[in-house]
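Pulled from TrEMBL, these are the features on record:
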ACT_SITE  116  active site, pros-phosphohistidine intermediate
BINDING   10, 58, 86, 92, 103, 113  ATP binding site
DOMAIN    2-138  domain 'Nucleoside diphosphate kinase-like'
Ligand code: CMP
């Protein structure tokens, strides 16, 4: 059965002009784009989105970074979407990402790592509902 996941093309990749190439990799891998929106988010919106990381030392820098410029917010759909997108993205730290993954190709650093993808069904449900209204997901 088709599954949905949430993804972000992060400010580093958008500012370097990699958004189209990343979308092409995602579509080539069989994901359907259910919804997509370009937006510059506030630091407060980033803090709410990343609330599970609030106690981490990198939390403030991460929220500053995510609100530093336009991003693409996306809902993607395919069989096994959550795990398959994580595999396509590669390791969080691009230094550890495998050849052919989006982070290997486009990420700069562990923070400016080009793309986000939900890590489980419950986080995907939270993240989709955080950014998109039901009528945008038909
Ligand atoms: P993301 O998949 O969006 O989920 C949380 C983000 O925190 C992660 O990608 C990175 O951008 C960032 N992150 C994770 N670990 C670190 C770290 N050790 N130092 C800085 N940023 C990190």
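For all residues, glycine too, the Cβ spot is worked out from N, Cα and C.
Known features from TrEMBL, placed on the structure.
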residue	record	Cβ neighbours (10 Å)
10	ATP binding site	26
58	ATP binding site	12
86	ATP binding site	17
92	ATP binding site	15
103	ATP binding site	23
113	ATP binding site	22
116	active site, pros-phosphohistidine intermediate	21
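Among the recorded positions 10, 58, 113, 116, residues whose Cβ is positioned under 6 Å from ligand 1 are identified as 58, 113, 116. Helix, strand and coil residue tallies for the domain 'Nucleoside diphosphate kinase-like' (2-138), in that order: 65 helix, 28 strand, 44 coil [DSSP]. The average pLDDT the prediction assigns to the domain 'Nucleoside diphosphate kinase-like' (2-138) is 98. Distance from the CA of residue 116 (active site, pros-phosphohistidine intermediate) to the CA of residue 86 (ATP binding site) is 9 Å.
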